[in-house]
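These come from TrEMBL:
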DOMAIN    41-292  domain 'G-protein coupled receptors family 1 profile'
TRANSMEM  25-49  transmembrane segment
TRANSMEM  61-82  transmembrane segment
TRANSMEM  94-120  transmembrane segment
TRANSMEM  140-163  transmembrane segment
TRANSMEM  211-229  transmembrane segment
TRANSMEM  241-264  transmembrane segment
TRANSMEM  270-291  transmembrane segment
Amino acid sequence: MGLFNVTHPAFFLLTGIPGLESAQFWLAGPLCVMYAVALGGNTVVLQAVRAEPSLHQPMCYFLSMLSFTDMAMSVVTLPTVLRTFCLSARTIDFHACLIQMFLIHSFSMMESGILLAMSFDRYVAICDPLRYATVLTNEVIAGMGLAVTSQSFITLLPLPFLIQRLPICRSNVLSHSYCLHPDMMKLACADITINIVYGLFVLISTFGMDLLFIFLSYVLILRSVMAIASQEERLKALNTCVSHILAVLAFYVPMIGVSMVHRFGKNVPGFINVLLSNIYLFVPPVLNPLIYSAKTKEIRRAIVHMFHRIKM
């Protein structure tokens, strides 16, 4: 019995990839590599921005927020994913599952908000470069980071309580190696309309609006770039956006795929849904530090200098 005087299981059973149980142990190796790249790569980016004075600028501060969020997401999912794939230890306490669910969705929303802030940075840098330093001051950047964090935690705070109010008696087996709100609510033997409506509200009002404003910012950026007479200058301006565009695609394309499968893919094999969810959670933290290290000359140079100092 819990806060809402309904029946909950003492624990949930996590699942690796349905239909590929025999191969789960062999998938543990690639997963460990991905986690190592995500944690190591984002740590290197954070350290490079901290240690290199030339990187103390708005875009790099936003990149630091993105790296921290990616690391947090990896840390939150790491214990249950590796226990499920490496040790076949599938159990997770009910309340621990609620906490993990809340943190996964919160950090995911934070990443979306940070990507929006980064698109605003690119908009100001290209469309109003003379005011860039006065618009994106350290105080404004800190305020934007605080706003994104507060919005994520406050918006998603009801989720654990919306799950706790539901009697869960159909099963205690989840379809992923971590806890997600849509996965947990499907196990309830009661009306889940409130959960569905609130989840859809969150999806549209945050992720949907973030993506819309990112798209609009690039429409304005493209219009401004097309007004530049020199083709070389146009390409130079657009090149500063490539890393951010790739990060946006790495985050939103898998998320849209997961949402489409959840709502319209009733006949889609279970492992497809799980695979898309894993890509959505695991791939952006791996790709983001690689993208920014490869495409941003200043960050690449700072990382090289940092390792050079370590060797000395």
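Any Cβ shown, glycine's included, is placed from N, Cα and C.
The recorded stretches the transmembrane segment (270-291) and the transmembrane segment (140-163) do not share 3+ CB pairs below 8 A when only pairs 6 or more apart in sequence are counted, and are therefore not in contact. Same-chain neighbours of the transmembrane segment (25-49): 16-17, 55-56, 60-61, 63-64, 67-68, 70-71, 74-75, 78, 81-82, 85-86, 282-283, 285-286, 288-290, 292-293, 299, 302-303, 306, counting only residues six or more beyond its ends whose CB sits under 8 Å from a CB of the stretch. Listed as Cβ neighbours of the transmembrane segment (241-264) (distance under 8 Å, sequence separation of 6 or more from its ends, same chain) are residues 66, 108, 111-112, 115, 118-119, 122, 126, 182, 203, 207, 211, 214, 218, 221, 272-273, 276-277, 279-280, 283-284, 287-288, 291-292, 295-296. With Cβ pairs under 8 Å as the measure, the transmembrane segment (211-229) is packed most heavily against 94-120, out of 61-82, 94-120, 140-163. Averaged across the domain 'G-protein coupled receptors family 1 profile' (41-292), the predicted model reaches a pLDDT of 91. Sequence-distant contacts of the transmembrane segment (61-82), counting only residues of its own chain at least 6 positions beyond either end whose CB sits under 8 Å from a CB of the stretch, comprise 14, 28, 31-32, 35, 38-39, 42-43, 45-46, 49-50, 92, 100, 103-104, 107-108, 110-111, 114-115, 117-118, 121, 138, 141, 145, 148, 177-179, 247, 281-282, 284-285, 288-289, 292, 299.
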